[in-house]
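Taken from TrEMBL, the feature transmembrane segment covers 93-112, 124-143, 180-205, 295-314, 326-345. Per TrEMBL, domain 'Fatty acid hydroxylase' is recorded for 130-270. Annotated domain 'Very-long-chain aldehyde decarbonylase CER1-like C-terminal' per TrEMBL: 452-509, in sequence order.
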C-alpha cells in the first residue's frame, strides 16, 4: 500500500454522503438560537448556510451551462468530452465549501465582532479589492508555481490537473492542503477588511461569490468572454483571465499560473504566448458549426424524472444507472413546466457526443416525452420534429441518422419510411435498431450462399432480412405456422422474387441448409 502525502486526504473522505451531517451543528445552533435565545443571535450560522448553498448553486449552474452543448458546442475550448473517470474523480468537488464553512465558524468565535458588522460599507469593498490585488493574487501565483514542482505536483496538485477538459466542478477538485491554502487566499481580503473596521455582510457575500464565479468561469471550458473587449481595451487582458487562458494552463502546465489576473504571469514571465491568439480564434469561430458528426442518434425524453438525469441538469446522476431519487421529486413541478415550454417552442437539440474509432457520434433529442407519443393530436408535431432533424442532418452532411425508441414507431411513421418516401433524394441514411441489426446479420452471411433458414421470420427484423435476401436470389426458408403472415410478407416482394420465399413449419427443414439464422427475442 502506497503511503499518501500529509494533508492530501480529506478528513471526512470515508464518510461518503454522510459528510453533509457536518452541516448539522450549524442548523442546530440556528434553531436553538431561534427558539431559546434572542432571535437575532447567531445569525452568522444562517449566513454561512446561505452562502454555502449559493456557492454550490454557482458551481452547478456553470456545470449545467458547460454541458448545454446546444448552446456551447461552438465555444468549447477542448473538444473532447468528460469521461466517467473524471466524473468519479471530481465527485467530492464540494469538499472545499464544507471546509470553508467550518473555518468561517471558527473565525466567528475568535472574532465575535464579525456577528455585528453592517449590511454595507463602501470602504470595506475598496479594502477587500486592494487586499485581493496586493496580497491574494501574488500569494496564489507564488504558491501555485511552487505546487508545480516535482514533489508538490506529484503528491498534491496532480489530482487537479488530471482533468484536461475542465468544468466548474474541476475547480473544487483538489487535495485538502491545497484548499487550506486557497481558504487563506479567500480569507485575507474578507477578514483583513473586517479587522480594519470596514467589514460588511454585502462585502463577504459579494467577494466570496464573485471569487467562485470567476473560478468556475476559468474552468468552464466554454469561451464566453468576447475578444472585442480586449481589442477595445487592451489593458483588460492583464486584469481578468478567460476560460481559454486557464485552459492552456491545464494543457501546457508551465504557463498561466495566475488566480484571475494575467498581470502576475506577465510580471513572472509565465504567460503563454498563444493565450490571446487562441482566444481570438475560438471567439471568431463561434458562428461556424464545427465538425460534422458521422452518426446521429435521434432520441427523445422518456419521462419527467429521467429528464433530470441528462448531463446538463445533474452531471453526476447522468453517469449512474437510472434510479428515482426521492430528493429530486421537489424539482418535478419545475421540470414539468419546462416540458410544456419545450412542447410549445423547442426544436431538436444536441444532448451528448462521443468519439469512436475516429468518428464523431452525437445524440440529438426530439423535445417530446414518452407519453406524448400516444396522444393522437401530437403525432403530426412529433413527425415534423423528426423530419426537420433528418433534413438538418442531410444538409450538414451526416452519413447516418438512427431513429431511437418511439421515434421509429410503426404507427407513427412506419419505422421512418414516411420520411424516406417523402424525400427520396436524401443522402443521409435513415436507420433504426432493427435495420442496423438486420445489416449486421446480413453481413455475417457468407457470400455465394443460395439458401438460408430463418426463424422469427415474420417479425419486423425477419421480414426485412427475408425481403432483402430474396431480391438477391437467395432461397429463404421462413419458419412460421402462420400462412397469413407469410403470404403478407411474400406479397411485399417483387413478383419475380416471390418464389424465393418458402414457408416451412418444422425445424427439420433446416437439416440440409448450410446457413441458419435464429432470431432471439432480444433481436426481435
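Note that Cβ sites are derived from N, Cα and C of the backbone, with glycine treated the same way.
Unlike curated records, TrEMBL annotations are generated automatically.
Here the structure is a predicted model, which means the values were calculated and not measured.
Three or more CB pairs closer than 8 A are found between the transmembrane segment (180-205) and the transmembrane segment (93-112), so contact between the two stretches is assigned (pairs 6 or more residues apart). Residues 301, 304-305, 307-308, 317, 367-369, 372 of the same chain, all 6+ positions outside the transmembrane segment (326-345), place their C-beta atoms under 8 angstroms from a C-beta of that stretch.
Residue counts for the domain 'Fatty acid hydroxylase' (130-270) under DSSP (helix as H, G, I; strand as E, B; rest coil) come to 96 helix, 1 strand, 44 coil. Distant neighbours of the transmembrane segment (93-112): 10, 12-13, 19-20, 22-23, 26, 44-45, 48-49, 51-52, 55-56, 59, 169-174, 176, 179-180, 182-183, 186-187, 191, 194-195; these residues of the same chain sit at least 6 beyond its ends, with a Cβ under 8 Å from one of its Cβ atoms. For the domain 'Very-long-chain aldehyde decarbonylase CER1-like C-terminal' (452-509), the model's pLDDT averages out at 92.
Secondary structure of the domain 'Very-long-chain aldehyde decarbonylase CER1-like C-terminal' (452-509) per DSSP (helix as H, G, I; strand as E, B; remaining residues coil): 30 helix, 12 strand, 16 coil.
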